[in-house]
């Protein structure tokens, strides 16, 4: 029994050959997750940079009205979301045309270009938004830097869409939740440890002066791209993509990935199921982009999965977690931590808690507790935490020089609990779920739509949150009520629309969504066990049509 089989407790892992849960598949997944660090590093950097006095002085942000300042800051933050939205839209074509692996390599190279241009222009990225009177050459320079940040966003959009697909298509079914959860874990990693993101901001403000305080953090965004590029140069292409485009290579790559010989029954059955699914899908539609898009919404089970991918990414953002990340120093100031340095330090602790919680979840919980249950209970807890913080900010008296009250410390704990609980549900689970439920031929398209949704609502949150803090009551207390209400609404959505997928192979998702109905509220436990039992009896879930006809009513 391998180490992964010891820590992941589900029936699928117990029944599969131990060789498939090997170090190679874990290493490939971690290498691909350099893609999420591209986004994670930027999220961690920009929120702290905006609070630095050197940054505000450089761009004339000091002394402006709160609403004007909020609008300027939201513009600076949201440029990269616009580029990422475009990158997510084109990722479908790129991933299907050149493959998952080459798409990730391309995204790393694009980011190198954006960061190099930004660093070469001395890090001036925000003058366009600062409202200062400058000469024409400096205006052109600032506009160029906005373009460079937009280019970086395109890279992140492609990578964030393709990475979960690549991992899901390489992963054995029993640990797919664990491996796709690495995406969220490395995103958080990019925010927190080893002097990245938050801690770089903190160190630069404490030990540097002038423009170098923010130029260095912004320039170091190339570091995650190095990890992604080097890792993908030595990785294999997705076996499922090869089965679609280069079928002669698929058996060898899959056998190597699973640690089994090509003639092993597990490898043969997995390939047969994959080929059968691709043949069935190819008989119904052409493969042009328009036909794939039409197919995604014409068949009931396909339409339901497409809508789920889009809406789950929307709900993930509407928890307010990215508002907490982008503007965390501002949020900590609203509960009594007014000092810039103290706020950055509290933000660093916030990131560490997210990283530890995410690691615990994906290793010990994700493939044991399941997707649906994780989303339900975490949504409830997040809503409660945000409502408490909102009530505290509304009714307590917060003074810049006064010590924090006991209620204030509870509010800080609530913010940290919010961060930890998010990593047990609406962070890693959503990426795993959206990568695993689409059909093989529609997976790149569905994930592209999901990631575009993620970036669109990320943009909405980044653009609207500063204004909400400036306009929704004292210290923006209404902001917490808005995001807390969304948390409770998405619990109701999950209860009625999200079936469990734990332990099912990718080829069994069609059957699940054909049978599971909204009217039934959720997939009955007996049917979860029924599908799992059928998978166990066959190495990778071969369908037994006669038994299905006799027993398979839902």
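Cβ coordinates come from backbone N, Cα and C, glycine included.
Here's what TrEMBL has on this protein:
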DOMAIN    28-502  domain 'Major facilitator superfamily (MFS) profile'
TRANSMEM  21-41  transmembrane segment
TRANSMEM  76-95  transmembrane segment
TRANSMEM  102-130  transmembrane segment
TRANSMEM  150-168  transmembrane segment
TRANSMEM  180-202  transmembrane segment
TRANSMEM  214-235  transmembrane segment
TRANSMEM  307-327  transmembrane segment
TRANSMEM  342-363  transmembrane segment
TRANSMEM  375-395  transmembrane segment
TRANSMEM  407-430  transmembrane segment
TRANSMEM  442-460  transmembrane segment
TRANSMEM  480-498  transmembrane segment
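With pairs at least 6 apart in sequence, the transmembrane segment (480-498) and the transmembrane segment (76-95) have fewer than 3 Cβ pairs within the 8 Å limit; the two do not touch. Of the candidate ranges 21-41, 150-168, 407-430, 407-430 has the most C-beta pairs within less than 8 angstroms of the transmembrane segment (307-327).
If one looks beyond the transmembrane segment (21-41) by at least 6 residues along the same chain, the residues whose Cβ comes under 8 Å of a Cβ in the stretch are 2, 4-5, 13, 84, 104, 107-108, 111, 155-156, 159-160, 162-163, 166-167, 170-172, 174-175, 179-180, 182-191, 196-197, 220-221, 223-232, 234-236, 256-259. Simply put, out of 150-168, 375-395, 407-430, 150-168 has the most Cβ pairs sitting under 8 Å from the transmembrane segment (214-235). Scored on C-beta pairs under 8 angstroms, the neighbour of the transmembrane segment (375-395) with the top count among 150-168, 342-363, 407-430, 442-460, 480-498 is 407-430. Counting only same-chain residues 6+ beyond the ends of the transmembrane segment (150-168), those with a CB under 8 A from a CB of the stretch are 28-29, 32-33, 35-36, 38-39, 42, 79-92, 94-95, 100-101, 103-104, 106-108, 110-111, 113-115, 117-118, 176, 179-180, 182-183, 221, 225, 228, 238, 431-432, 434-436, 443-444, 447-448, 450-452, 454-455, 506. Sequence-distant neighbours of the transmembrane segment (442-460) (same chain, 6+ residues past either end, Cβ-Cβ under 8 Å): 78, 81-82, 84-85, 87-89, 91-92, 95-96, 157, 160-162, 164-165, 168-169, 240, 281, 289, 292-293, 295-296, 302, 305-306, 309-314, 316-318, 322, 434-435.
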